[in-house]
Amino acid sequence: MIWHVQNENFILDSTRIFMKAFHLLLFHGSFIFPECILIFGLILLLMIDSTSDQKDRPWFYFISSTSLVMSITALLFRWKEEPIISFSGNFQTNNFNEIFQFLILLCSTLCIPLSVEYIECTEMAITEFLLFVLTATLGGMFLCGANDLITIFVAPECFSLCSYLLSGYTKRDVRSNEATTKYLLMGGASSSILVHGFSWLYGSSGGEIELQEIVNGLINTQMYNSPGISIALISITVGIGFKLSPAPFHQWTPDVYEGSPTPVVAFLSVTSKVAASASATRIFDIPFYFSSNEWHLLLEILAILSMILGNLIAITQTSMKRMLAYSSIGQIGYVIIGIIVGDSNDGYASMITYMLFYISMNLGTFACIVSFGLRTGTDNIRDYAGLYTKDPFLALSLALCLLSLGGLPPLAGFFGKLYLFWCGWQAGLYFLVSMGLLTSVVSIYYYLKIIKLLMTGRNQEITPHVRNYRRSTLRSNNSIEWSMTVCVIASTIPGISMNPILAIAQDTLF
């Protein structure tokens with residue numbers, strides 16, 4: 001009898017929860033319409049994979065790419081609408097969040113064609129790969145619009161779990177397993193520290209979880225200058241630092257870059273930084289409004305360490321992927337300058353602009369690495385010697401992307417850094433900008449060293465990998481070259497016409 005009553009209560013409670021969720025989705029679903037498109041794409045992928053006897057791979061790519069493009073279209077149609085807070089304060093929709101969601105969707109859209117040939121050559125399971133990519137994209141999009149502590153924790157966990165699975169996708173590779181283990185352990189530790197910081201914020205504000213309500217709660221409780229807020233600030237900085245991977249929270253980055261499948265590295269190298277940057281700007285700017293001097297100092301230290309260590313250690317690397325790992329650590333130091341400058345001096349606009357260029361530069365470089373790796377099976381920098389003699393298009397594409405990453409004019413990377421450093425200088429961050437300029441010069445050195453190998457490799461320096469280089473005849477070859485071409489164009493042409501991009505970025509401010 002007691003069991004029967006308990007069972008009835010459980011059914012009633014479950015029904016209430018389901019009805020409440022259905023009510024929220026019915027009345028607030030339009031506010032997350034781009035996310036709903038991705039969810040529908042995920043369901044469609046699962047249905048086709050479980051019901052079709054003959055796996056028709058082009059359909060999986062088509063469904064994934066179409067859902068991403070449709071989601072981008074839905075975002076563009078919603079541009080410049082009034083800011084809206086939905087789902088009982090859990091989710092906020094405004095231009096600032098949507099531009100970061102657009103960047104994440106753009107990354108995923110470019111990464112899928114980039115990975116087609118790799119998946120065919122390595123015979124990886126295509127459905128699971130696309131499911132993890134779309135789910136990680138969904139988690140990143142929810143993180144960009146998260147407006148309370150619970151959503152800010154759950155959304156990156158959705159992204160992180162898919163990232164762990166993607167990084168260990170080649171199960172037979174010892175390096176991949178080692179990278180996944182390190183990534184998983186450090187990711188779990190950072191999530192624990194992040195939640196610890198959230199608990200201090202929650203307690204100090206009198207039990208508030210929404211970002212703006214936390215500020216009001218801190219004013220009411222007079223706890224905005226308490227030691228608890230300092231503990232929360234340090235803990236949250238460490239937690240977010242793992243996602244952004246600045247020094248000294250970068251230990252996982254080189255191993256994961258080297259051990260994971262290259263298309264996965266391309267995806268993680270940009271999407272994780274875009275989503276974490278969006279979250280960091282909101283967390284530091286709103287709940288820690290009264291501790292701006294403290295978090296400015298913390299981020300300045302992280303930026304300086306990242307720019308110095310990332311670029312200096314990159315010089316000594318012999319693997320292309322490890323070199324790009326340390327390069328990305330240096331690049332995030334430049335992005336942090338925009339976060340510190342904030343809204344007052346176009347800091348966020350400069351950060352968004354540089355992020356857009358960084359996506360094209362980084363993905364273009366990885367597209368070249370994927371293409372070269374599939375033809376030769378090597379990742380060593382010296383094995384690129386003389387590539388121009390065998391594949392001029394690939395060599396020129398890689399050279400342009402590397403030059404843009406280094407910030408040489410008139411490429412997009414130069415104007416992105418120029419705008420970022422100018423905003424930092426206007427805000428009085430003279431030492432930080434000076435370090436950025438010096439480390440940019442250092443980065444140009446190791447990029448030019450690779451370009452010299454590509455273009456001027458002598459006959460005795462050309463390795464058997466390039467000497468026996470053969471272009472692929474697979475039908476999917478066009479897809480990776482398509483991604484490569486788009487990224488190369490985006491790394492060069494925007495440097496000539498910057499005004500429209502800056503105008504769009506400046507419209508995304510709070």
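One-based numbering along the chain as shown.
Heads up, the Cβ atoms here are built off N, Cα and C, so glycines get one too.
Summarising the annotation, Swiss-Prot assigns transmembrane segment to 24-44 (among others).
According to Swiss-Prot, the feature transmembrane segment maps to 59-79 (among others).
The annotation transmembrane segment is assigned in Swiss-Prot to 99-119 (among others).
Marked as transmembrane segment by Swiss-Prot: 124-144 (among others).
Taken from Swiss-Prot, the feature transmembrane segment covers 149-169 (among others), and the record attributes it to sequence analysis.
Away from its own ends, the transmembrane segment (183-203) comes close to residues 149, 152-153, 156-157, 160, 163-164, 167, 209, 214, 228-229, 231-236, 238-243, 249, 251-252, 255-256, 287 of its chain (Cβ-Cβ under 8 Å, at least six residues beyond either end). The transmembrane segment feature in Swiss-Prot is assigned to 183-203 (among others).
Below 8 angstroms of C-beta separation, residues 156, 186-187, 190-191, 193-198, 200-201, 204, 218, 223, 272-273, 275-277, 279-280, 283, 288, 290-291, 294-295, 298-299, 302-303, 305-306, 308-310, 328-329, 332-333, 335-336 of the same chain, each at least six residues beyond the ends of the transmembrane segment (229-249), sit close to that stretch. According to Swiss-Prot, the transmembrane segment annotation covers 229-249 (among others).
Positions annotated as transmembrane segment by Swiss-Prot, on the basis of sequence analysis: 323-343 (among others).
Swiss-Prot lists 354-374 (among others) with the feature transmembrane segment, giving sequence analysis as the kind of evidence.
The transmembrane segment annotation in Swiss-Prot covers 395-415 (among others).
Taken from Swiss-Prot, the feature transmembrane segment covers 418-438 (among others), and the record attributes it to sequence analysis. Beyond the ends of the transmembrane segment (418-438), by six or more residues, the same chain brings 300, 303-304, 307-308, 333-335, 337-338, 340-342, 344-347, 349-351, 353-354, 498, 502 to within a C-beta distance below 8 angstroms of the stretch.
Under the heading transmembrane segment, Swiss-Prot lists 484-504 (among others), citing sequence analysis as support.
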Which bits of the chain, at least 6 residues beyond where the transmembrane segment (59-79) starts or stops, bring a Cβ under 8 A of a Cβ in it? 33-35, 37-38, 40-42, 44-45, 48-49, 93, 95, 98, 101-102, 105-106, 108-109, 112-113, 116, 126-127, 130, 133-134, 137
